[in-house]
Amino acid sequence: MGKRFLRFEFLLLLAVFTIATCGLVYELVAGTLASYLLGDSVKQFSFIIGVYLFSMGVGSYFSKFLQRNMLNTFVEIEILVGLVGGLSSVILFLLFESVHYFQFILYFLVFITGCLVGLEIPLLMNILKDRVKFRDLVSNVFTFDYIGALLASILFPLVLVPQLGVMRTSLFFGMINISIAIVLCFLLKSELKKGYLLKAKAIGSFVLLLTVFIFSDSILSFSEGKLYGENIVYTSSTPYQRIVLTHNKSDYRLYLNNNLQFSSADEYRYHEALVHPVMAMAPKIETVLVLGGGDGLAVREILKYKEVKTITLVDLDEGMTKLFKTNKILTDLNKQSLTNPKVKVLNQDAYIWAKSCKQKYDVVIVDFPDPSNYSLGKLYSLNFYKTLHQILSKDAVVVVQTTSPYFAPKSFWCINKTMMEVFPQVDAYHAYVPSFGEWGYTIAANSFVTNFNTVNRQVDGLRFYNYQFEKLNYFSKDMVSKDIEINRLDNQVLVRYFDEEWGKL
Amino acid sequence: MRNGENYNSRRTFLKGIAASLLLLPVLQSCKEKVIALLIRLSGTNHILGHRLWVKNFPKPTRQIQIPYLIIGGGISGLSAARQFTKKGISEFLVLELENYLGGNSSNGENQYSKFPLGAHYLPLPNFHDKTLLQFLEEEKIILGYDAKGFPEFDEAQLTFSPQERLFYKNDWQEGLVPKYGNSHADENAFQVFFSKMDYFRETKGADGKYLFDIPLGHSSNDEQTLKLDNITMKQWLDENKLTAKPLIAYIDYCCRDDFGLGIDFVSAWAGIHYFAGRKHNATSDGKENVLTWPEGNARLASHLKKYSEGKTLKNHLAYEVKIEGNKTVVHAFDDMKKESVEIIADKVILATPQFINQYLLENRKHIAREFHYAPWLLATLTVSDLTDNYSYPLCWDNVIHGSKGLGYIYDQHQSVQQVQSKKVITYYFSFSSPDIRKTRRALYKQKKEYWKQMVFDDLKTAHPDIEGKTEEISIRLLGHGMISPVPGFLFGAAKNQAGKSIGNKIFFAHSDLAGISIFEEAFHQGINVVNTILDGTTLDS
């Protein structure tokens, strides 16, 4: 008794305190991750708290069957809680995309953690029951338990998540958990049986968690790759966007800010449909302007026409055009179009550039990102098309990628109607691109005499477009929309339509 | 900064995607660099202006003779110069105390954007205000008229969408009227209030004039309505049992925004005029919008300036105006050459506020005493990023509900550029208090650090990390920001007397003579004063 005993009791109570803190942190991590990944935070948190408390009850029930080597079991459980709880967020991150029964794994992990924590308290009370007065025991154990819980619930949102992030928080607490086990192993040597084995287990687990902690960043980017469902070949963050290139079998996919830009398997459909109708019907094609389209794939198609003298490509993002000039995979894809001597690449804001442009163009191909926010919406406004109109030659032809007429008919026809305000002749067409779905374009002529069905010239070797414009020009009933407003800078209705339509999906 | 009752409602716009949240912890771990904050402080040239108190100027050493002299290069003065030119008169001079023209409609500029130093928008004019429509057409702000005769405004000069958002109950929502999280009773109060305002907006008096119109002088003299000028807006709201808290906060905001003083201090007539004076009938769809520019109304001033080009004396403080024989003699101090000049004119227009006029003319103190001008503070912040909870995207006008400030304008909103490396915002604050003189003294007493902190503390409600993200802050103090229509002022004797010409020689034009500080009033004041001088009529040309 005396001093030595006090230390014994103090250590075990410290362990309770840690378990309570860590246990609650694991619960909060699970709740946070579930709300991040699955949405509906009220539901997720409510379910997780319920399952966690219930499983603690299950753990408490089973504690009565553990009667031998109770101190050893206690330390072992401490290690196990650290391991399971600490790794839970990593496991959840990694499995999120690839597993259908993600929720099952989530609740299973919560259940296991809850059971283990539930075992601990009764176990500890059993260990201490002969050494401490029952009245003190109950009061001390629960005091430490609840203080730990309070500490965890305050630290978690204020300090841990902002400083460490969710994944590292759980790993960090796993390590704390295990380090308590290690301390117990060393200080209670005499009380433990086969102490060396326990020590080995504890230290091994600690090292494992530490390793994962150190590499948590690359795990995070790997799990991001999982989110794309493909292998990530290349990632880069430019000041404007996050570029991710993935590879799966023979298919390369490019994502800009998580939106699919193209799939190498079927981009030819998209780009042939974008480029060849205008190139075929334009009276003149000497000077071509491409706005957006920093991947050089539209330019690749344009270069097939020998009459073209110059191509000016205006793309905001230097990181993007540089990548498509230098990366081997990508230059194979765009046939080095961006380094062709006919091509001039300007990394400027297309709207600002067009406002000050003095030159006139025979063909303009507009390949901007979809109008998913108010900044991008400006590039589809009446004022933008008026600006564009100023830099067209007399018989110029313009084509604009105008999102999907099937998924977003209001958006599609809104752009069409807006262009009708500015250009003498406007028409629309669409093509099926498997990775996108049904995709649409609006075409406009600066002259009343240009006929959209005319084929002034054509090139061989196309895989999709056969120079029969009328075949792409028919819209079924489910791709038509009425009562659409014109998109102006001062109303930005397009962004509202777009959000409404794509938001539904 | 205005009411936006008509805007479409949409609540959550940016939806969190799991992918971006996965990146969140990584992004958060990036530590911000600490950059020393640059604070600038500026104001109107009140030091020179305050020399009017002691008039310790040298005796005039030069003389200028001119038929017409306009004192004050704000909107009313510049508008008078335009009207002279339109009437074929080119022999006039404009005298300005500052080293720039435009008065409250002037601007600053930094590396990233222009920004307003005062007034910053013009609401779409009323359809019957043909004079103003004509000016806007001349300046290519109106591009033409449609088949039904409605003006077609230049899309690029109308506020871009999304126009306004309100930070209410910890979320941004579209428009300035609180919409989400209101109780049923609150909802009802808003409805009752707006239907009353619709009535006031559309109704005409027995004299065939609108009860509330712009210019204010065109309003009906309906007695019942004029009585509203004798009580405060708060009293009127109480009388009408409109006491819902969010409604009160909203109307108080509107009054502070347009008059500098809140509902406890402005007249009910003025408060209602804010909502009912504008008819929203200038476009075929009746939608509300405003015309704005990165530099605010300095754009309009620059359109007006061309009429007085080569006929302007800047840095000239007029300090004495008197009639001698059949001439008017004006003494002014040239702050550049540090010498005084005597200007002998046939007629003089004082396009200056009445708190100045009391020092230029004799026996004006009792008049000036009735004119109350609320002090204002503007702060333009250059921020590396403007993070908030993204519940609604950044708008042109961003207001925090229940704040003492008036929110901020995103100065680059009217740019068509996709990405801005830094964001520039201008924060507005009017000092609404019963003792304006005391606040004005405090305004100049406090150090710039004090005001900087006040701005941050207010903005932190919606942007918790604004202080760390701000790289530069330019604070502008306006001791006499704008005329504030306290009860009894708009239709009182002082205002009436202040506008009366003296001996057919000295004439007056200023928005404070209209009683409210808006572009339209100053613009019409300038035109009317010239018409009065030239043909004894006050009708717009």
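Note that Cβ sites are derived from N, Cα and C of the backbone, with glycine treated the same way.
Bear in mind that TrEMBL entries carry predicted annotations, made automatically and left uncurated.
Annotated features in TrEMBL:
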TRANSMEM  A:12-38  transmembrane segment
TRANSMEM  A:44-62  transmembrane segment
TRANSMEM  A:74-96  transmembrane segment
TRANSMEM  A:102-125  transmembrane segment
TRANSMEM  A:137-159  transmembrane segment
TRANSMEM  A:171-188  transmembrane segment
TRANSMEM  A:200-222  transmembrane segment
DOMAIN    A:211-446  domain 'PABS'
BINDING   A:Gln241, A:Asp315, A:Asp349, A:Ala350  S-methyl-5'-thioadenosine binding site
BINDING   A:His271, A:Asp295  spermidine binding site
ACT_SITE  A:Asp367  active site, proton acceptor
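Overlay of TrEMBL feature records on the structure.
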residue	record	CB count, 10 Å
A:Gln241	S-methyl-5'-thioadenosine binding site	20
A:His271	spermidine binding site	26
A:Asp295	spermidine binding site	26
A:Asp315	S-methyl-5'-thioadenosine binding site	26
A:Asp349	S-methyl-5'-thioadenosine binding site	18
A:Ala350	S-methyl-5'-thioadenosine binding site	26
A:Asp367	active site, proton acceptor	23
Residues of the parent chain within Cβ reach of the transmembrane segment (A:102-125), under 8 Å, 6 or more residues beyond its termini: 12, 15-16, 19-20, 23, 26-27, 30, 33-34, 37-38, 47-48, 51-60, 62-64, 66, 70, 73-74, 77-78, 80-81, 84-85, 88, 91-92, 95-96, 137-138, 141, 145
Candidates A:12-38, A:44-62, A:137-159, A:200-222; stretch with most C-beta pairs under 8 Å toward the transmembrane segment (A:171-188): A:200-222
Recorded stretches the transmembrane segment (A:200-222) and the transmembrane segment (A:74-96) touching, at least 3 CB pairs under 8 Å: yes
Intrachain neighbours beyond the transmembrane segment (A:12-38), with Cβ under 8 angstroms and 6 or more residues off its ends: 44-45, 47-49, 52, 74, 78, 81-82, 85, 88-89, 92-93, 96, 102-103, 106, 109-110, 113-114, 117, 120-121, 124, 127-128, 140-141, 144-149, 151-153, 155-156, 160-161, 166, 169-170, 173-174, 176-177, 180, 184
Nearest of the recorded positions (A:His271, A:Asp295, A:Asp367) to A:Asp349 (S-methyl-5'-thioadenosine binding site), judged by Cα-Cα distance: A:Asp367
A:Gln241, A:His271, A:Asp295, A:Asp315, A:Asp367: the recorded positions whose Cβ falls under 8 Å from a chain B Cβ: none
By Cα-Cα distance, the member of recorded positions A:His271, A:Asp295, A:Asp367 nearest A:Gln241 (S-methyl-5'-thioadenosine binding site): A:Asp295
Cα separation, A:Asp295 (spermidine binding site) to A:Asp315 (S-methyl-5'-thioadenosine binding site) (Å, whole number): 9
Among A:His271, A:Asp295, A:Asp367, which are recorded as recorded positions, the nearest neighbour of A:Ala350 (S-methyl-5'-thioadenosine binding site) by Cα: A:Asp367
Rounded Cα-Cα span from the residue listed as 'active site, proton acceptor' to A:Asp295 (spermidine binding site), Å: 10
Cα-Cα distance, maximum over A:Gln241, A:Asp315, A:Asp349, A:Ala350, record's S-methyl-5'-thioadenosine binders, Å: 16
DSSP-derived class (H/G/I helix, E/B strand, else coil) of A:Ala350 (S-methyl-5'-thioadenosine binding site): helix
Model confidence over the domain 'PABS' (A:211-446), averaged pLDDT: 92
Separation of alpha carbons, A:Asp367 (active site, proton acceptor) and A:His271 (spermidine binding site) (Å): 10
DSSP three-state assignment (helix, strand or coil) for A:His271 (spermidine binding site): helix
